[in-house]
Amino acid sequence: MVKDFSFFIYDYESFGVNPATDRPAQFAGIRTDADFNIIGEPIMFYCKQTNDYLPAPEAVMVTGITPQECNEKGLSEPEFAANILAEFSQPNTCVMGYNNIRYDDEMTRYTFYRNFIEPYEYSWKNGNSRWDLLDLVRACYALRPEGINWAYDDDGMPSFRLEKLTKANSIEHENAHDAMADVYATIAMAKLIKEKQPKLFQYFFENRGKKEIEKLVDTGAMTPLVHVSGMLGNYRGNCTWVAPLAWHPTNQNALIVCDLTGDIDNLLAKSADELRADLYTKKLELEERGVSSVPLKLVHINKCPILAPAKTLLPETANRLGIDRQLCLDNLAKLRASFDIREKVADIFNEERQFASNDNVETELYNGFFSNADKNNMAILRSLPAEKLSEHGLAFEDKRILELLFHYRARHFYKTLTRAEQIKWKKYRQNKLEKSAVEFEASLQRLVEXHSDNSEKLSLLQQVYEYGIKLLG
């Protein structure tokens, strides 16, 4: 490990569950050393909300943060994003949270994208990286649970909710869903796992990157691996043996694996077209038709997946989780005996799924990488004073940038818009708010009825209602 390595543990609170369309409310982060000892001052700030966005009332119920509080205490989104970048981009930083790979990192990327900050470099440039404690916690429960007090839901299934785990392990965690409280709780859980299961911690830390994971994978021999993922289900500790079959035909970061506890006969018997249809059909619908789920899964090697050699799943561990190792070995033999399985699974994933057309440039982050020239010009945009943004004189290769720039100016520097641009923005804003209004009002109604005897919740809902009415005019 490099000498000046540090973790930056962070968390967002937000106004919705979709990082592409919802907005951050609060950011908190703390820098620690490799042993999770705090070495930096805690950082927390709010983000002002723009007038083209309605918050989800449910989110306010969870966090207790209102848009009015954000607008009173917060930074503009460009400042908010720049402050986060300053922390994340310090050399040899490993950015980590609790479910950050699937949520917080996505919120970061979309926030950076809207504000002309390159959305990926913070997690790989200058010796930087990322990791997710949630998957490590799942792996610890499945593979080496000793030393941790585990939490369970009423149905007896393990719970990996941070507030339940901290309570089970007597870790202070007041104000759950306050970003700073969640950061302290994440640090404490990480320290606990490193202390109680140091070998497991070190193995998955050292093997979190793409290059290390690629070394584990042998699609030619279909060498089985242990895989832990929330997609696999709590009933088996989110754990299984998988056989790596092939690399995705169009996504170099995706590995096609087969769950060796699944219905392999069905996989071998059906055509690629039949399997593709089943793969994108809801599990409940398949069950109603008496059809078994397709035992295929994509593992994204750029998302710090939990993969380890098959021997990591000890016989006694497999028994505890209800995983039949002999069934897995028998299924592996069937796969290895199939002459066309690799070709078939590649074919399944080769046909692009058709998605509804999208006219919102702000959700098009993954529609391509920006060229170096565009990245340089975006950095220039960020440095320009507001009055110069309309006469930047820069040539962009990517058509998304000019539309993003219009939104950026309209939200943060409205007075710099021409009369025609103001009319265009008013029309865009009105259309966007009207689309959100029906669900916003229905959510408020549901929540008012559900919390009719809770004055604190009703006060929050009243504030959200007043905020929404003001935006909707």
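Cβ atoms are placed via backbone N, Cα and C, with glycine included.
Sequence annotations record features per position, and here Swiss-Prot assigns Mg(2+) 1 binding site to D11 based on similarity to another entry. Around the Cβ of D11 (Mg(2+) 1 binding site), the same chain contributes F27, A28, G29, G97, Y98, N100, D104, A179, M180, D182, V183, T186, each under 8 angstroms and 6 or more positions distant in sequence. In the three-state DSSP scheme, D11 (Mg(2+) 1 binding site) falls into the strand class.
If you look up Swiss-Prot, you'll see E13 marked as substrate binding site. Cβ neighbour count for E13 (substrate binding site) (all protein chains, 10 Å cutoff from its Cβ): 23.
DSSP assigns D182 (Mg(2+) 2 binding site) to a helix in the three-state reduction. As annotated by Swiss-Prot, Mg(2+) 2 binding site applies to E13, D182.
Annotation comment: Swiss-Prot describes 9-188 as domain 'Exonuclease', evidence class sequence analysis.
Annotation source Swiss-Prot lists domain 'ExoI SH3-like' at 198-353, citing sequence analysis.
Annotated domain 'ExoI C-terminal' per Swiss-Prot: 356-472, in sequence order. Per-residue confidence over the domain 'ExoI C-terminal' (356-472) averages out at a pLDDT of 94.
Look at R109 (site 'Interaction with single-stranded DNA'): DSSP puts it in a helix. Summarising the environment of R109 (site 'Interaction with single-stranded DNA'), the number of other Cβ atoms within 10 Å of its Cβ, over all protein chains shown, is 20. Look at Swiss-Prot and you will find R109 (among others) tagged as site 'Interaction with single-stranded DNA', backed by similarity to another entry.
Annotation source Swiss-Prot lists site 'Interaction with single-stranded DNA' at Y120 (among others), citing similarity to another entry. Residue environment of Y120 (site 'Interaction with single-stranded DNA') contains 16 other Cβ atoms, counted within 10 Å of its Cβ in all protein chains.
When Cβ atoms from all protein chains are considered, those within 10 Å of W124 (site 'Interaction with single-stranded DNA') total 13, not counting its own. In this structure, W124 (site 'Interaction with single-stranded DNA') belongs to neither helix nor strand by DSSP; it is coil. Residues or ranges marked as site 'Interaction with single-stranded DNA' by Swiss-Prot on the basis of similarity to another entry: W124 (among others).
Residues annotated as site 'Interaction with single-stranded DNA' in Swiss-Prot, with similarity to another entry given as evidence: R138 (among others). Its own atom aside, the Cβ of R138 (site 'Interaction with single-stranded DNA') has 22 Cβ atoms within 10 angstroms in the protein chains shown.
Classification of R144 (site 'Important for interaction with ssb') by DSSP places it in coil, neither helical nor stranded. Cβ neighbours of R144 (site 'Important for interaction with ssb') (same chain, under 8 Å, six or more residues apart in sequence): Q197, K199, L200. Taken from Swiss-Prot, the feature site 'Important for interaction with ssb' covers R144, and the record attributes it to similarity to another entry.
The site 'Important for activity' annotation in Swiss-Prot covers H177. Same-chain residues at least 6 positions away in sequence with a Cβ under 8 Å from that of H177 (site 'Important for activity') are, in sequence order, E13, V62, T63, G64.
Annotation comment: Swiss-Prot describes K210 (among others) as site 'Interaction with single-stranded DNA', evidence class similarity to another entry. In the three-state DSSP scheme, K210 (site 'Interaction with single-stranded DNA') is classed as helix. Long-range C-beta contacts of K210 (site 'Interaction with single-stranded DNA'), restricted to its own chain and to partners at least six residues apart, with a cutoff below 8 Å, comprise N253, I301, N302.
The 10 Å shell around the Cβ of N253 (site 'Interaction with single-stranded DNA') contains 14 further Cβ atoms across the protein chains shown. The feature site 'Interaction with single-stranded DNA' is assigned by Swiss-Prot to N253 (among others), with similarity to another entry given as support.
Other C-beta atoms found within 10 angstroms of the C-beta of N302 (site 'Interaction with single-stranded DNA') number 17, with every protein chain shown included. Annotated site 'Interaction with single-stranded DNA' per Swiss-Prot: N302 (among others), in sequence order.
Here Swiss-Prot flags Y366 (among others) as site 'Interaction with single-stranded DNA'. According to DSSP, Y366 (site 'Interaction with single-stranded DNA') sits in a coil region rather than a helix or strand.
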R109 (site 'Interaction with single-stranded DNA') versus W124 (site 'Interaction with single-stranded DNA') - Cα distance in angstrom: 13
Neighbours of R109 (site 'Interaction with single-stranded DNA') among the recorded sites Y120, R138, F369 (Cα to Cα, within 10 Å): Y120
Coarse DSSP state, helix versus strand versus coil, of R138 (site 'Interaction with single-stranded DNA'): helix
Spatial separation of R138 (site 'Interaction with single-stranded DNA') from F369 (site 'Interaction with single-stranded DNA') - C-alpha basis, Å: 32
D182 (Mg(2+) 2 binding site) CB neighbourhood, other CB atoms within 10 A: 24
